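Taken straight from TrEMBL:
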BINDING   CYS121, CYS124, HIS125, MET263  heme c 1 binding site
BINDING   MET172, CYS218, CYS221, HIS222  heme c 2 binding site
DOMAIN    108-197  domain 'Cytochrome c'
DOMAIN    205-286  domain 'Cytochrome c'
TRANSMEM  32-50  transmembrane segment
Amino acid sequence: MAKKEIDQISGIETTGHEWDGLKELNNPLPRWWLWTFYATIAWSAVYWILMPSWPLLTDYTRGIRGHSQRAVVIEQVEALRALRAQHGADLADAALEDIQATPRMLEFAMANGRAAFGDNCAPCHGAGGAGAIGYPNLNDDDWIWGGTLDDIHQTILYGIRSGHEQARFGDMPAFGRDGLLDAQQVRAVANYVRSLSGLEVEPTADLALGRTIYEDNCASCHGDSGEGMREVGAPNLTDPIWLYGSSLEAIIHRIEVGGGGVMPAWDQRLDPVTIKSLAVYVHALGGGE
Ligand code: HEC
Ligand code: HEC
């Protein structure tokens with residue numbers, strides 16, 4: 001050990017460490033720092049005794065308080081379940097209109113419906129219910145089967161062409177495939193359908209023929225002027241909203257192969273409160289009637 005060296009300017013002893021001529025002063029640690037340091041050591045000792053802390057070979061020290069985060073979470077989840085069950089019980093007995101009119105129930109139904117929609121409906125109808133080809137947009141005010149709370153509730157409960165005995169049902173015949181109309185007739189009526197919503201038609205289109213074919217084959221479901229029919233799920237052909245697309249090819253294809261989109265029934269898969277919540281949620285998406 002080198003003998004103690006005193007810094008000439010400050011008069012404080014140095015540690016003897018030197019870097020490029022700079023020497024470190026051996027100042028004592030500040031009191032406050034030292035006491036904080038002792039306090040943390042004392043705190044850790046207390047913590048080891050009270051709380052789970054040290055890992056053992058197959059277990060860990062549990063501490064005399066026996067605290068467990070897992071137990072706390074289980075307790076919180078239980079409390080949440082109880083709260084949900086209580087809210088749910090209100091909804092189970094309430095009419096859809098009353099749920100919608102009561103802010104407390106509405107809030108619960110919307111949160112519940114939104115979650116259930118994401119889990120069960122979004123794969124087909126899109127995350128925000130915007131739909132896709134063959135899967136209707138649930139945000140607009142155009143409804144194939146009806147947009148009142150009760151209509152939507154029924155659609156969700158029993159589905160569409162789902163095989164459920166109360167399912168909504170109505171199939172469009174495969175006019176082309178089954179030889180009910182030949183290719184020229186299909187083309188003519190497809191052009192006529194496009195003309196119903198003001199879309200451009202082929203210059204060679206025979207609209208008079210198309211109209212006759214329409215009146216004979218299509219009006220029974222789609223209505224005399226193409227306004228659609230909810231009883232059989234025949235879409236409105238006069239508006240700019242299309243389930244399968246508005247191009248001439250898409251319409252010709254539809255007339256050739258007919259139609260029958262399937263939506264599953266949910267009455268056996270989801271509980272009644274969730275289905276009610278979904279009806280209220282879908283109704284609120286933007287286009288409820
Ligand atoms: C497997 C795909 C699929 C799933 C999952 C699905 N749907 Fe549908 N849904 C459809 C199809 C297809 C249609 C349109 C059927 C048709 O062609 O008329 C439809 C139609 C609807 C309609 C009627 C729309 C109208 O214009 O009348 C509502 C309401 C609806 N679905 C809500 C839901 C809700 C709520 C869920 C979740 C619980 C859900 N759907 C889950 C495929 C699905
Ligand atoms: C028995 C009832 C019925 C008859 C008759 C019928 N349709 Fe349909 N049509 C439907 C149904 C139901 C759908 C919806 C299919 C679906 O949801 O998958 C539909 C869908 C369509 C679509 C698709 C609409 C869209 O929004 O994408 C077109 C186009 C169409 N029909 C044209 C016709 C034409 C043209 C005829 C006559 C040649 C006709 N339909 C006859 C029931 C019928």
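Cβ from N, Cα, C; glycine included.
Source: prediction; values computed, not measured.
Put simply, HIS125 (heme c 1 binding site) is 24 Å from HIS222 (heme c 2 binding site) when counted between their Cα atoms. The C-beta environment of CYS221 (heme c 2 binding site), restricted to residues of the same chain at least 6 apart in sequence and closer than 8 Å, consists of GLY170, MET172, MET229, VAL232, ALA234. Recorded residues CYS121 (heme c 1 binding site) and CYS218 (heme c 2 binding site) have their alpha carbons 31 Å apart, per Cα-Cα distance. Counting neighbouring Cβ atoms within 10 Å of each of the binding-site residues (CYS124, MET172, CYS218), the lowest count belongs to CYS124. Sequence-distant neighbours of the transmembrane segment (32-50) (same chain, 6+ residues past either end, Cβ-Cβ under 8 Å): 61, 63-65, 67. Filtering CYS121, HIS125, CYS218, CYS221 by Cβ distance to ligand 2 (under 6 A) retains the following binding-site residues: CYS218, CYS221.
DSSP assignment over the domain 'Cytochrome c' (108-197) gives 41 helix, 5 strand, 44 coil. A distance of 27 Å separates the Cα atom of HIS125 (heme c 1 binding site) from that of CYS218 (heme c 2 binding site). Each residue contributes its Cα atom, and for CYS124 (heme c 1 binding site) and CYS218 (heme c 2 binding site) those atoms are 28 Å apart. Across the structure, MET263 (heme c 1 binding site) and CYS218 (heme c 2 binding site) place their CA atoms 23 angstrom apart.
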